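For reference, the structure is listed below as structure tokens.
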């Protein structure tokens, strides 16, 4: 394959450049590239990324195993596959996404032709999290490249093996003036956020998201914030309980619960609670093993990313047990391995910290209810979650919940897998996020939608000053009949 000259690999590394040097280099290159980085160049860039990822898949699996023992199959399904799917989807649809759009004519400007054009925002910053460090670095990169931007990626320092590999992959595929990786801790993020990027894409906690938005306000950079929250699951009386249990176990305990759209807690109708709990525990045993020793040995179970997060999760568990929570499954931990086994708790009360903080770990509170209105009120009294899940065979029950709650997305009789749908926007509401990612929505997030109005035979100049008697009459007619 012949690579366009703009994508020829340079014998240089972002490691040898400061954040400011990388930004300035990309700013100059982005200006020079404007209007010239068309569909052929963008698809070539996406092909390079895809080929490099596929060739280095074993290294990706090894890096994530080294960082927090993520299982190989989970890496393929939740880290690599979504990025490759995003690339393929962008390649298939990019011509249509980039195409100028005609806009309906308006009588007030009769004689003109209106349209929309999508231009790159310019130099963009992607700040990636640690929980899905590969997916959430390269997924947004696909959208940014499809839109024609230059990009700086700041991977999380909490997954150092993966961060180093991300830098290596980027340097193999791209020149620094198109895509660069800048590694470092929070101080490096602050240094980057002080620069006047044209768009910032951040994935992380609401607390840090507010800091990112505050920094962006100083340069008036646009932002996409993919945050989090306590995503509730509601199980109705007519739910298929085995199906609900399978989905919840996979959605909650994959990645050891360290997923922004994982079910945070479960509301289950009291009339089916005991039966559901029994099925749920059996499903955990089937997937991960019957006891602590088996779950520790499981090749399909990840670890907590670091000691700080392990201690936070263990503190939530200890607090809940001390205040009367009942352990239905699990409850054991091993600090030496940063291991918290799949844990299900009942008798969870408002006095417990687990009821208020985003868990972001393998603790699953089960909360019984009698009246769905009380559940809806509780959901609406809190911050708007990134996701909400409903398990029910009753369409009226489902539609009532969907209509009366607000969340970034809703999954009905499934959990988490909506992230994989390339034609759906992915994003939150207020505290759980701003803006959308994936597919055309990601493309538009990294694009400026530019309106263009062209005069063909417009008569609007008849309304220009000086405001003679005739012009005033025309203005009066315009206001009267076109308002």
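Glycine is no exception: its Cβ is also placed from the backbone N, Cα and C atoms.
Quick look at what Swiss-Prot annotates:
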type	residues	note
BINDING	204, 205, 206, 207, 208, 209	NAD(+) binding site
ACT_SITE	226	active site
ACT_SITE	260	active site
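This view paints the features noted in Swiss-Prot onto the structure.
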residue : record              : contacts (Cβ under 8 Å, 6+ apart)
204     : NAD(+) binding site : 127, 129, 212, 226, 227, 228
205     : NAD(+) binding site : 227, 228, 358
206     : NAD(+) binding site : 227, 228, 229, 383, 431, 432
207     : NAD(+) binding site : none
208     : NAD(+) binding site : 202
209     : NAD(+) binding site : 202, 225, 227, 433
260     : active site         : 131, 203, 226, 227, 228, 360, 386
> For the recorded NAD(+) site formed by 204, 205, 206, 207, 208, 209, which further same-chain residues have Cβ atoms within 8 Å of the site's Cβ center?
Replying inline: 202, 210, 211, 212, 227, 228
>> Need the DSSP three-state call for residue 226 (active site) to compare against my parser.
In response: strand
>> Validating a neighbour-count step here. Other CB atoms within 10 A of the CB of residue 226 (active site): how many?
In response: 26
